[in-house]
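Engineer: Okay, these came from Swiss-Prot:
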DOMAIN    6-250  domain 'ABC transporter'
BINDING   G38, K39, N40, G41, S42, G43, K44, S45  ATP binding site
Amino acid sequence: MKKKILEVTNLHAAVNEIKIVKGLNLVVNAGEIHAIMGKNGSGKSTFAKIIAGHPDYTITNGDITYQHTSILELTPEDRAKRGIFLSFQYPIEIPGVTNADFLRLACNARRIYQGLPEMEPLEFFEYINSKLPLVDLKPSFLTRDVNEGFSGGEKKRNEILQMSILDTKLAVLDETDSGLDIDALRTVANGIKSLANDGNAIILITHYQRLLDYIKPDFVHVMQEGKIIKTGSASLALDLEKYGYDWLKNELK
């Protein structure tokens with residue numbers, strides 16, 4: 001029997017009293033990769049932020065359970081400590097905080113929650129250096145301030161590096177392929193694939209088939225008007241690439 005990581009039941013959510021998510025249902029099991037696709041404004045990024053606990057969004061109905069426990073009352077920090085990871089579409093810069101310090105603090109916060117001892121700076125330095133080849137980054141990268149002056153590819157690779165050290169159980173990757181050239185896309189995709197295992201689950205939010213050329217999802221979901229209107233195999237993404245979204249209009253009826 002598959003281990004359930006995430007279950008979203010009849011989820012409704014709003015921001016400033018504007019309804020964004022309107023009856024969304026989704027089950028994600030351990031070992032699965034799910035892709036969520038849809039037009040701009042369909043609610044994909046909002047859904048990602050809601051899973052992570054973004055305070056701007058109000059849940060008006062439904063529930064989100066993670067590892068069989070409702071997380072609606074948990075803060076974003078508590079969700080992260082439990083193993084939920086969100087990669088941002090537009091990662092922010094944090095001047096004055098080096099990557100090494102940021103990553104060590106995040107890693108130790110997760111370890112404390114797991115009942116593990118904190119890593120000392122030298123121990124963590126060895127650990128993080130062993131992870132850098134995963135996303136083709138050099139050790140000098142760790143001395144730079146978080147995302148400051150980074151290229152788009154470096155920002156996205158930095159997020160996959162974060163995912164790798166946090167023992168992530170549910171990764172929600174919001175348009176990780178956005179703004180990446182072919183080489184950077186391949187590096188990021190290979191990093192994501194290497195982190196997928198039978199004990200975690202990944203949700204990819206994307207507009208394009210090109211990311212799915214590198215990472216084959218077990219399920220593809222189409223969002224429209226705040227809910228999932230169709231679910232299929234990886235071939236559904238190919239149909240969307242070929243025909244667009246208009247042929248799915250009848251699914252809303």
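Just so it is clear, glycine is given a Cβ too, placed from its N, Cα and C backbone atoms.
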Engineer: Can you name every residue in this chain, apart from G38, K39, N40, G41, S42, G43, K44, S45, with its Cβ inside 8 Å of the center of the Cβ atoms of the recorded ATP site?
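Structural biologist: After dropping the recorded site residues, what remains is T46, M223, Q224.
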Engineer: Give me the mean pLDDT over the domain 'ABC transporter' (6-250), rounded to a whole number.
Structural biologist: 94
Engineer: Among all chains shown, work out which of the binding-site residues G38, G41, G43 has the most CB atoms within 10 A of its CB.
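Structural biologist: When each Cβ's neighbours within 10 Å are tallied, G38 tops the list.
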Engineer: Which residue among the binding-site residues N40, S42, S45 has the fewest other Cβ atoms within 10 Å of its Cβ, if you could check?
Structural biologist: N40
Engineer: Would you mind checking how many other C-beta atoms are within 10 angstroms of the C-beta on K44 (ATP binding site)?
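Structural biologist: There are 25 of them.
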